[in-house]
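**Q** Residues or ranges marked as domain 'ABC transmembrane type-1' by TrEMBL: B:58-247. Here TrEMBL flags B:7-28, B:54-86, B:98-125, B:131-151, B:199-219, B:231-250 as transmembrane segment.
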Amino acid sequence: MKQIYLLLTLSLIIGIGALLSTRFIEPPLGEGDSAIHIFNWGEYIDPDLLDQFTEETGIRVVYETFDSNEAMLVKINQGGTSYDLAIPSEYMVEKMQERDMLIEIDHEQLPNLEHIGEQFLGLDFDPENKYSVPYFWGTVGVLFHPDKTDLDFTEWDMLWDESLRNEILLVDSAREVMGFSLNSMGESLNETDPDKLDAAFQKLVELAPNIRGVVGDEIMQMMINNESIAAVIWSGSARDVMWENEELDYVVPEGGSNLWFDTFVIPETANNIDGAHQFINFMLDPENAAQNADYVGYSTPNDAGLLLLDESEQEDTRFYPTDAQQETLEVYKNLGLENLGIYNELFLKFKMNLE
Amino acid sequence: MKLTGRLFLIIMLIVLYLPIFYLAYYSFNSAGTMNEFESFTFDYYLSVFQDSRLMVILMNTISVALISSVVATIVGICGALSLYFLKSSKIRASLLNINNIMIVSPDVIIGASFLILFTFLGISLGSVSVILAHIAFSIPIVVLMILPKLYEMNTSLLDAARDLGATPSLILSRVVLPQIKPGILAGFFMALTYSLDDFAVSFFVTGSGFSVLSVEIYAMARQGISLEINAISTMIFLIVLTIVLIYYFLSTRKTVKRGDLS
């Protein structure tokens, strides 16, 4: 019996000791300490910048991570947390705004906002950028293996090519999949005309023999392992995959695609609103934006920061499309529940049509 | 038959352990990816140790696991004992079912309900909420580990002790507890491993800068696996291996010293 007592007491002592030891690794916040709580995607910021921010402003950064917009929404919505800054994607900004979960951003406190390219401001999901400031942006395109196919995917229609039998992966997301089908027909990916949506659905059904799977996050690992020739995927994920598997290439087909954003927002749970503004402004500084873009690898909306990146990077039209290409990109509009329902329903029908 | 049995065992062990060794192997790869092994390096381990945020999270994980399993073991012993000594078998069966429901219900549901409960009670998310949640989902496992040992116990031992004039507390500490010791050990270590690898519940109840490894690794893995994750996972594997060895040591010593009832 002594063993058990010993085991339990020892475990308790080590446990409490480990908990206390964290105080020495990172001193806890005292009463007077100023700090901001940031809620971000995993591996989505250069950690050196956090230290630099603390050095410059004296504000400590408490950093937490999430892995999906929905998970973030639940954590913030439920309360019990006090995040001063979060980084959701644009559709989630809209949702949070509808639920009155966001605090207006004071543009006067953000002098560095001028560095953000005009084409990235005032978009549909937040017309006056009242609640959000763009952090990174990207597109939807085709990630493919150039050695295994002669197609270059400059047109969406090439996905329908017979040589790609059972070789295409799609992300499991209604708007993206319906969107590229609409784009391939020269329509807008915000189309609400039921006939056109139905035509897009019919076209997707024709694509069915080429589709290997409609998958979630696994799509990245599957592409890294060369399990498929092509995948319709977000540029950010494509970038991550191409770091692991250098044989792959990414292209945004002509005829339109989606323009997505991850943005800074200040949730209503914030305690340190000034600190949050300071942090946004700090990240908008061209040098910091460039350093961060270099670390994360996504496309920065910071025009001045972009000029500080390597030229090869700046001229990479796969991730920084030319102005002409950018014209064809569209942000998702909030189509309302009813239309979204149609999108989801058609997408579901399409998935059920697959083998 | 003997040969096929052994072959089956070997194949099973390979299937079980190959991924872990594969992962550990590449944690020493200087190339930075899991594609080709270039040369041996400790860089990823160093960068884990230099990253004070990760170190704090590692410490948090260990302390949550230890504290929650100690408390869960103690509560679980009490729970198993009261179930065992219950007079009405109907109540016992229904209580046992309630206990089992906790084990079979999806972690996501347990996690979400804890989140709602904690915010309702005004407990702010952080170390306390995580430890409480881990204690709660560990208790049913401990109970389930101990109960069979109680039923294996020879009841005449209890009668004999009573006849010889032992007080109830003496019976408990000198007769019952030593009899169920293997169950207690198993329960404790099961609770420890459950706590270490739990993601879903922890995700909901972490907050205020307090995080545990599983949550952190899950968020990191979104960007593809970086070799730092390999390094941490290898370390965790070694820690668990040590725990198992301690358990093995503790549970086999009993058979050597048969007379050990005190």
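Glycine residues also receive a Cβ, built from the backbone N, Cα and C atoms like all the rest.
Note: TrEMBL annotation is automatic and uncurated.
Let's see these features in context: how buried, what's close, how far.
**A** Tertiary proximity for the transmembrane segment (B:7-28) is limited to same-chain residues at least six positions away from its ends with a CB under 8 Å from its CB atoms, namely 34, 37, 40-42, 44-45, 227, 230-231, 233-234, 237.
Distant neighbours of the transmembrane segment (B:98-125): 79, 83, 132-133, 136-137, 139-141, 143-144, 198-208, 210; these residues of the same chain sit at least 6 beyond its ends, with a Cβ under 8 Å from one of its Cβ atoms.
Sequence-distant contacts of the transmembrane segment (B:199-219) (same chain, six or more residues past either end, CB-CB distance under 8 Å): 54, 57-58, 60-61, 64, 106-108, 110-112, 114-115, 118, 124-127, 129-130, 132-134, 137, 229, 232-233, 236.
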